[in-house]
Structures are given as C-alpha cells and as structure tokens.
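Over in TrEMBL, the protein carries these features:
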BINDING   B:D17, B:H18, B:G19, B:K20, B:S21, B:T22, B:N134, B:K135, B:I136, B:D137  GTP binding site
DOMAIN    B:5-187  domain 'Tr-type G'
Amino acid sequence: MPHDPYRALYLHVPFCVKRCSYCDFTTSAVATDDPRIDAYVEDLCLAIRRKSKEGELSAIETVYLGGGTPSHIGMSRLSMLLYALSTSMRLEPDVECSMEANPESLTPNMVRDIWALGVNRLSIGVQSFDDKVLETIGRAHDAQAACRAIEAAHERFINVSCDLMCGIPGQSAESFERSVSRAIELGVSHVSVYPLTIEPHTPFDRMVLSGELPEPDDDVEAEQMQIAQSLLAAAGFERYEVASYAKPGYECRHNIAYWTGVPYLGIGTSAATMTQNSERRMRMTDGSVTDDLNAEQMVAEDLMLGMRMTRGVSGEKIAEARLVLPRLDETIDKLVEEGLAAWSEDRLRPTERGWLLGNELYGALFDLA
Amino acid sequence: MTDPSHIRNFSIIAHIDHGKSTLSDRILEMTGTIAERDMQAQLLDTMDIERERGITIKSQAVRVSYQADDGEEYQFNLIDTPGHVDFTYEVSRSLAACEGAVLVVDATQGVEAQTVANAMMAMNANLEIIPLINKIDLPSADPERVRAEIEDALAIPADDAVLASGKTGVGVHDLLEAVVYNIPAPTGDANAPLRALIFDSYFDPYRGVVALVRIVDGSMRKGQRLRLMASGKDILAEEVGARHPVEEPLPELGVGEVGYLVTGLKDLVHVKVGDTITLAEGGVDNPLPGYREAKPMVYTGLFPIESDQYEPLKEALEKLSLNDPALLWEPEKSHALGFGFRVGFLGLLHMEVVKERLEREFNLDLLATAPSVEYHVFKQGGEMMSLHSPQEMPDPGEIEHIEEPYLKAKILIPPDYVGAVMDLTVARRGTFVTMNYLSQNTVEMLWEIPLSELIMDYFDKLKSNTKGYASLDYDFAGYKPSQLVKLDILLSGKPIDALSFIVHKDKAYDRGRVLTEKLKEIIPRQMFEVPIQAAIGGRVLARETVKAKRKDVLAKCYGGDISRKRKLLEKQKQGKKRMKAIGNVEVPQEAFMAILKVDD
C-alpha cells in the first residue's frame, strides 16, 4: 500500500553472551566468535542497503540498534554495520542514533569507535547495582562492571541511559533505592525503570510455577516505581513516560516515535515495522502482519499510546479523535472521575495512578474501537 | 394390529449407570430392529447431552418384532425411562404404560437407592418384574451376592434372574424369552370407547406436538377427533404409528399397543404426560388414574451477561419449553443483574441440563444465581405467599412464620459409612427417621431433610464422604415451619440482591463468614477497595475486604511490544465479558454460585 515515509529505524541484534532468567526477547546465547553472527550481520547490512535503494531510509530521524546485546558482537562487526548504515542514510548529529550495550562487553575502545561511526546515545543494561540482585536475575556482569561501563561511556557520550529493574524477588526497597541513587551519582542523563514481569517459557516462569520463586508483588512494584519517581525528580529528571526519566533535552526521541504514531521500519529478526497511511496502520514482524488497524482503531491506539507520556494528548488531537470515536467523551469523563487521567493546560494527561493502573487506562481507550 | 395375546409392553428400570441404555441397544440389535452398522451407542438417547452425560432425560418407546423359540412372532414395546431421580414422575407414567419391567442391577455395584425406588414403583404399578443382573462380563462381577441382595432388599425372587451383559450380548436371548413367558399380555376392552395414556410428548418443528401413547381400551385411528381429558382440548389425529425407532405410520393403534400420535398442536402445554386421551364424541368420562402436574422443586435466576441477549434468552426458553413442560419461567428483575428470568426446575440435574442447552444450542452467555426452593411465607394476618426468590422476602416485621419444603430421603450405604452419613446429614439439618439392614452389606437410612440443604452440594458431599458408595433417592415430604432468615451480601456497602439467600437462623453466621471469605478469593482486585459484608437486616455478621489494585501495568512498550500489548488488552476485554459489572465492581460468574460450595 502507499505509505507515509518511515521516520524511525530499528536494527535488531539477536545475540547475547548468556540468557537472563527473566528474558523472553528474541535472542540466543552465542559465543562472540561464532560464524552465525557474521552471517547475520552481513544479511543485516544487505537489507539496510536494499531499503536505502528503495528510498525507505530517506526520512529517517532516529536509529536504534537494539537486541539482544549489540555490544556482544564485537567492534569489527559493529564497524561493518555502522559503516553500511552511514553510507545508506544521512547519519548526521541531528539524527539520534542509540545503541544498547551491556557492561560486560562495552569497552573503552568500543565507546571511542562507535562514537566516531555516528552513534550518539548509549543505553546500558545495568538493571541493578546490587550483586545479589544481579545474580538472582542471571546477569553476566556485577555492579563494579556496571559502574566502569558508565564511566567509560562518559569518555565520549553525554547522552547515556541506564536501565534499572524493580520488583525482583529478594530486592528490598533499600537495595532498589541505592541503585537509583548510584545511577544519579554516576551522572547518566536518562534512566528507564521496569518492574519485573514473569514471561511465559522463561526460567523465572518455571521457577514461579514450581514455587522456587515468589511471584512479583504488584504492591511492592508500585512502591518501588514511586521511589524511583521521587528520587529522580529530586535529581532533576523528568518522568516523560511511565518508565522513562530524562534530564531536560535528553528524552529518547526514538522511543517517543513509538508512542506518537510515527511510522518505523524494523530490520532484522523479530524487528517490528509499522507502516501506515491516513486510513490504515499495519505492523509486521518477520514477514507476518501482527496488527491491521482501520482509521478508528488507529485513532484509539494513538490516544492509548499518548497516555503513556507525561504530555498526554492535546485537546486538538482529542477533538479530531471525537469525530471517529463517538463514545470518547464518555470514556474520558470516566477516566477523569476514576483518577486515571486529568486535564491540564488543554491536554489530557495520565495521573500517577493512571500510570500504575495502565492496563485500566489503556484498556478503556483500546475498547473504543 | 396385533392380537393383544402377542403383545408385551415393558420397561427397563435401573439405578443410573447400571447399563440400561446399553442393554436396550442390544435388544434392538438382536431382534434385527436396527442393523449393526446403523448402531450408535445409546441409540434411544437422542439429545447430545444425554449421550455425553450417559443419562436418559426423555422417555422413549420402540416397537420390536421378536420371533420367539415357540415359533410365534411377538410385538414388544420397549419403553426406556429416565434414570435420574429428578424425573421420577416421568418414570412412573412410563411404568403405567407397561405390564412388566426388567429390573437391571449392576453385577459389580449391587442394589442401590434408585434400584429400590424404581422396583417399588414397578411393584406399586402391579408390574411383573424380571430381575436381570448386568455386566457379568466384568472381572469384579459378583452375581451371587447381587442375587442375594435382590432377594433380601427387594423381596423379589431372584433364582431365575437373567444373567446378562449388555456389552457382550450374553443373556439377552434369555431375557427376550423371559419377557414372552413372564410378562402378561395386555388386557383391555377392544370394543370399549378409546382410553389412551400419554406417557411422553415432544415437539417436532414440522409436525407440532407428538405424543407417545399406550392404548388401554378401544383403538385410535388416523383422522379421529380426540379429546385430551385433563386439558379439555380437542384435537385431530393427524397421524398414528409405531416407532422402530424410525416412525412407521399405521392406519390404527389397537388395544394394548404402544405408538405415537401426531396432534398438530403447536404448544406442548396441552399435551401433558399422564393425561388420558379419549374420543371427542362418545368418549369416556373416567380418565386413567395417576395424573398430576409436574411441579418445579428448584428455582434459579438466569440472566444474560450481555443485556442485549435478553430477547434471545426469552426465545430460547420458549423453544425449550415446547419440549419440556416441567420448565417454568417468569421474568425477573435484579438491581444487580438487570433483566432475566426466574426459572423453575424439577431438580439440580434438570437445571444443569437446561442451562447447558441454553448456552450450547442457543449460544448464550448466562449467569445463574444460586438455586433456591419455594418457601411459604405466612404474613401477619394469615396471608401466605410463595417465595421463589430471596429478593421477594418481605420485611421481617411482616412475617408471622416461614415454612420450607422437606424431603424424605433414602440413602443406601455399606454399614461402615453410617457414621459419616449421620455427621453430614445432621449438619444439613436432617432429621433421622429410621435405619434398616437390607442385607449384610447394605444399610438403608431414612431421613427428613430440607430441600434447600439438599441442593447445597449435598449429593457431592455424600458421595465423597462415603467413597462413592452412597446412593440417594428422595420424595417430597411436605412443608414444615423453619427459623429462616434472609442473608444479604453487600459489596461496597450496597446489598447485591442476586447474592442474597435464605438460610436457617443457626447457620447464618457460619455461612456468612465462609461466603465472604470465598467471595474475597473470587472477586479480583479492582481499582478501589471493595468491602464484602454479610448481613441480616442491618446487622453485619461478617466482613472481608478485597484490597485495591495498585499496579497492573507492564512497563515496556516499544516497537513490537505494541502488538503484544494490543493482544493483552483484547484478552482483558474478553475477560471482562465473563464478568458482570455490578455498580463499578466487576464480579465473576462463579461468585453467584459460591454459596453452593460453602463447606460445613
């Protein structure tokens, strides 16, 4: 179908040094010198060049190299990939180019080289600065390695993000609090905070089923998400999305694209592509369509995703949505009454409660179409 | 038309699961009525639910020709009867159409409660009884013990009991010969005006109501004007015939014969089981004895989950009633559940079968409230009102006293379980009447127990407390005064009419406490705290709280996560459809049945 230009590009690297106990992402534990990685990277480069020739990369404003663990594949392959990218699209400083890295494989040399090849944002999978917690979730690094990685990143990057997890069995409120404080002390400009979820077919899932591991407690997770909110706010971070905190100007533009109905192209195994025009929106992964939305469903989805973000949805956007979703006002009134959303400065925004009870909030909007 | 001396009308009676339907199948097969290749297990059970549950709900009649060893050909009319206690009246009418009965007893299980009850009914109907010990092919079969039990417990001579296996066909020939020699030929006056007994009826969408009949006197011809004596309705005999079980139209049904009658009526209400058919002109004045109206024992509210399914539910009930005159219903309005119906059933099995058919055959999502019985409330000043639903209960100040239905229950168990049955039944307000040793291995206990207690999971409890040995039969005993109160359940401070129930005063506190605990488990956490209270009048007996949900969000939502998120929200939406929103509390369906699962 004729579609609007892609403005965000996602590249997937499905390799890790080991699988973490909670992980259900498309990735596999493969040794760095495995030839399968070479074959995959070559295919990825070819696909980038092909999309470039088709003109699909001409309007890209953000790039995200995610995984798996992109830092795990080593510098020579990353060079190939970033070189292919830089010759296939306009990769200048105004284009946000993020890369995910894990502490065990991010070296000072890698930091220098990827910076030189155009990466300008690093997202480091720290998860916790508590060795016991790191062991519980089966990470390949310890707290010290995490600190070193962030320090190394700061040799070149100003835009460094740190991922943290809460609600991990055995992780006390104090432990989580120390991890958040440590991230602040280390001077990162962006923090993401995820509550642990038990996904099917993961080691954690089996452990919960067999009773070895207690199920994460929603109340504890809510508590810890609020701890993160108050510590980070005090340190000058703004919570711009339910799980994302940034110093002013350091919001992740690529992720914002996902939540604002911007079309994105995914290249690589399990990478999702979103294509749309004014009447239809589709999502595809590995050649199969996962979503096929009509105009009403698109509008409802935009509202739903918009409510993940602090800035919410503008009154203007809601006025447009009202034209296709006749029950919208009724639903909004109910959400406001239930304290899940609130109006301010002519925008409908999620409340703290709305963020925590996100499935209620998004569900109500989802049900409109 | 067959000479009455060559007609044998008989029933097969048994406790549930003793192999009655399989034995019927074998008879059809061995008399050549049905070719083996057309054979389908439980051929006479036509409803899906009958086959799945292995039970017979409707009566059936089949005509079979049998070439006996004496060289003569006989007409057998085999009448298959329901085996469940809910359908006792239908059994008694089927028996009234017969001269004999084959009493099937499982060679491994022996005599059970409904064996006794059915044998008693057959004896009361003056039927010749042929005992048959079934399933003798099983390794655990003990025919000699069972033979002794039949003699001890039922006082039926069992020296000549037929030993058979419906499964292998062993002994079926012996049975057919015993039918010829032991069961009397029908007697009746061929020249008298017509008298025919309706022992079942069903609705055929193309031909209207069809009645299964036994000609007692006279004969019934196609084209005759007939009268249904109890309902006073005149009809035209559009067609008469026999079922093999495929219908064969005949010019006439003669005295002693069993067959079907196409009435042309569109409404089953007039064609009542037990009614007598005579001629519209020149008929008799004295109907056959024993007619009575089928009366519901158990009532429940049936509500559509989606309110737009009210009309479809009404239409479905109308359709089911065409074929089930025992099903009574009237509109009911609940503050909590909206518009629905109060439906009366013969018993719990009948209720389950109807609910399942409504959901399956009519594709409805239904919510059933806990079953209740018919209470008689005597108001100050003497006025009596029949109460089918706890919601209708007047203010305590207006009530003089309340009576509730009691049953005479007969429980058969091995002697080891007498204590267990005592404990359970006394806890359910049962009054012990007496106890007899039917044999060394079987004790018969007689109780009087409130019907309301029996419908509270009593049978399952009885089975589990006796390792499955107990069997139960019951009969209506009458109404007795009882100290009853209405227990209200409040969610978030508001009484939920559909959750209220009537309970004995002494049990109110325990039931209220256990039920609130149970509801706390069943009702999922909501966005706000939900207090659950059990109260009588304004007095709160028990309180639990469902804590408010604080977090349900899954934080990550990037590229491909959005599709997963959509799936999850779709599932959440479907899940909510299985719940009923009462005010702003989402209540799962099982909450309304929780009271039935309250342990003592």
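Just so you know, glycine gets a Cβ as well, placed from its N, Cα and C.
The highest number of surrounding Cβ atoms within 10 Å, among the binding-site residues B:D17, B:S21, B:N134, is found at B:N134. Site extent for GTP: among the recorded binding residues B:D17, B:H18, B:G19, B:K20, B:S21, B:T22, B:N134, B:K135, B:I136, B:D137, the largest C-alpha separation is 17 Å.
According to its DSSP assignment, B:I136 (GTP binding site) is coil. DSSP gives B:G19 (GTP binding site) a coil state; it is part of no helix or strand. The average pLDDT computed over the domain 'Tr-type G' (B:5-187) stands at 82.
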